[in-house]
Amino acid sequence: KLNLKDVDEYKYLKQSNCYSITGVDDAEQFHIVKEALDVVHVSKEDQESVFAMLAAVLWLGNVSFTLIDNENHVEAMEDESLINVAKLIGCDIADLSLALSTRKMRVGNDNIVQKLTLSQAIETRDALAKSIYACLFEWLVEQINKSLAVGKRLTGRSISILDIYGFESFDRNSFEQFCINYANERLQQHFNRHLFKLEQEEYIQDGIDWTKVDFDDNQDCLHLFEKKPLGLLSLLNEESTFPNGTDYTFANKLKQHLNSNPCFRGEREKAFTVSHFAGEVTYDTTGFLEKNRDLLHLDSIQLLSSSSCHLPQAFASNMLNQSEKPVVGPLHKAGGADSQKLSVATKFKGQLFQLMHRLESTTPHFIRCIKPNNFQSPGSYEQGLVLQQLRCCGVLEVVRISRSGFPTRMSHQKFARRYGFLLAENAASQDPLSVSVAILHQFNILPEMYQVGYTKLFFRTGQIGVLEDTRNNTLHGILRVQSCFRGYRARCHFKELQRGITTLQSFVRGEKTRKEYDVLLQRHRAAVIIQKQIKGRNAKRTFKNISDASIVIQSAIRGCMVRRCSGDIGFKSGVSKVNESDEVLVKSSFLAELQRRVLKAEAALREKEEENDILHQRLLQYENRWSEYELKMKSMEEVWQKQMRSLQSSLSIAKKSLAVDESERSSDASVNTSDDREYCWEAGNNLKVPESNGLRPMSAGLSVISRLAEEFEQRSQVFGDDAKFLVEVKSGQVDASLNPDRELRRLKQMFETWKKDYATRLRETKVVLNKLGSEEGALDKVKKKFWGRRNSTRYV
């Protein structure tokens with residue numbers, strides 16, 4: 001994807017002729033880097049963009065130029081390197097070629113395009129590569145800090161680790177070593193200030209007996225670097241702004257102005273020596289001016305801003321937002337701008353001062369790394385080299401101050417607040433200083449092991465440990481007692497809660513069991529009702545089958561008997577008197593049986609009517625009583641509304657129970673009435689006049705009576721079931737979308753209508769039976785007359 005080649009084909013990588021390190025797997029290290037980027041939440045897209053920018057830097061080093069005229073003007077060759085750079089950065093090839101080989105300058109209101117020479121084009125190319133690499137480095141640091149700043153945003157605190165190079169002194173020291181050693185001088189000054197100056201100043205200000213410890217101060221070396229206008233950095237920036245300034249002129253200027261400084265010594269040709277606190281370092285000024293100048297021009301920044309990738313655009317935006325500083329003196333013509341960008345040394349100094357400002361706002365802790373030898377070999381320890389480093393770094397002075405000084409210090413208020421409770425007597429009313437002195441006397445701390453200052457107490461090493469141990473043991477005992485007491489209270493509270501929970505559980509479980517029992521009881525009642533209905537219907541069905549079978553058998557037997565009797569009368573004239581008398585007796589018994597049944601049915605009907613009247617009167621009484629109850633309850637609600645709210649639920653339950661009782665009584669009354677009134681429904685419609693002779697009319701009368709009785713039973717069952725269903729609906733046991741009161745009135749009207757119709761048909765049946773009885777009497781008279789005539793003829 002990045003069109004990369006072997007490492008030895010890139011100019012930026014093959015200058016050292018070192019392509020691998022023994023024991024280092026580049027592929028494994030690359031995977032480790034990718035995992036680290038994942039850890040700090042750099043997305044896969046951003047990682048690919050980072051790798052693309054690195055590849056673009058490599059390909060930029062391979063971009064070559066060709067001469068186009070006799071004035072040594074060049075243009076970029078459109079080869080593989082230029083194409084890959086344009087593709088990776090996301091810009092047009094022609095724009096990239098122009099940015100590398102030309103420069104735009106504004107003269108007045110006109111824009112002039114100046115062609116670059118070969119050396120200028122190479123500088124522009126390298127400046128673009130270095131700026132991309134530097135911006136990429138800053139962008140990665142920003143992403144890492146964003147990922148690590150989550151805890152700082154939440155707590156407002158952070159721990160920063162500053163890992164710096166030691167002093168560098170090689171055979172040839174250039175601009176890079178110059179900047180690094182300057183930074184080390186500034187950090188060493190910070191170290192001296194915290195461990196020597198501030199420490200001893202605090203002792204003196206607090207008024208304790210203290211003998212000042214001398215140390216090597218590097219303030220003169222810092223003045224050599226930072227003094228204006230005749231400091232190393234100021235002279236370097238000044239010489240960088242001159243068009244004709246060279247490294248040689250810069251070295252001569254340093255020797256001219258700084259030879260009197262004890263920390264500076266001029267050397268032959270273009271070299272000079274600086275006496276750092278770690279030793280003397282000789283610098284070669286070759287390349288100082290070139291490295292100090294910011295050779296990235298506006299054309300290159302505009303090229304990055306026109307890129308289609310987001311990273312080059314971000315780089316260009318950051319570079320455009322950087323503050324520009326007017327330059328004192330003649331402008332550098334190669335810059336082609338009204339103002340010169342800050343030099344590299346100025347930027348470095350500004351960043352270093354920002355770092356120092358941040359260090360001053362924190363609590364520093366120092367770790368000194370000692371170099372055991374100059375050969376980078378294990379197991380080799382050079383005593384002279386180590387001792388020199390200890391002296392140069394000020395470690396020996398730090399040890400001396402620590403041994404003779406007071407590393408542990410605490411204000412009077414804090415000391416009294418921290419250890420005041422250890423006093424044997426109450427010292428709440430005393431001032432913090434008196435409390436502190438009393439604590440020191442109580443624990444027999446020797447006077448030479450501490451000193452009392454104006455605002456603080458100063459202790460030598462190890463003295464505060466005794467107080468801390470006693471404090472920790474006392475606090476441990478106090479916490480032990482508190483834990484036991486709190487445990488006792490917690491157990492008591494737990495037991496109380498447990499008892500309360502047990503009581504609540506008993507109530508809840510009891511209520512739950514009662515509800516379950518009510519549901520079970522309702523199910524049992526429902527099951528009993530269903531069983532009763534099923535058993536009743538089965539018994540009715542069995543009785544009906546037996547009754548129908550009995551009626552069929554009786555009708556067959558009676559028909560046979562009637563046919564036999566009527567046949568003897570109609571076709572046999574020679575029957576004896578004994579047979580005639582038997583036939584008359586049979587017919588008379590049938591008629592008597594029918595009359596007896598009619599009288600019994602009338603008596604039962606009258607009894608049921610009387611019972612219905614009684615039940616109707618009871619129902620009216622209950623309704624009147626219910627009205628009285630409602631009036632009483634309304635009056636009670638008006639008078640005792642506030643005092644009797646707790647009884648409202650009981651009153652509502654009472655109302656419901658009374659309503660259920662009324663509905664049950666009315667339903668029982670309806671059922672009983674319907675049972676008494678029910679009789680054969682279709683007998684009147686099917687009633688026929690009996691035949692005038694024989695036993696057939698008698699059997700027809702008996703069948704009419706049977707049908708009336710059967711109708712009475714069926715209607716009784718129907719009205720009883722309907723009334724029971726309406727009572728259940730009204731009590732809420734059954735859900736139905738109907739009005740139970742209206743349906744009950746309608747059922748009552750139907751029962752009254754059927755009762756009138758049934759009484760009418762019963763009277764008609766009685767008339768018919770009486771008629772049958774008169775016809776039988778006439779028949780007897782005819783028979784007697786017939787036999788009288790026959791006897792008289794026989795006698796004659």
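Don't overthink the numbers, they just go from 1 along the chain as shown.
Cβ coordinates are placed from backbone N, Cα and C, and glycine is handled just like the others.
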Can you identify, from 311-345, 556-590, 591-625, the stretch that TrEMBL calls coiled coil? 591-625
Correct range for region 'Actin-binding' (source TrEMBL, candidates 99-121, 191-213, 352-374): 352-374
DSSP-wise, what's the residue breakdown of the region 'Actin-binding' (352-374) into helix, strand and coil? 9 helix, 0 strand, 14 coil
Mean pLDDT across the region 'Actin-binding' (352-374), rounded to an integer, is what? 87
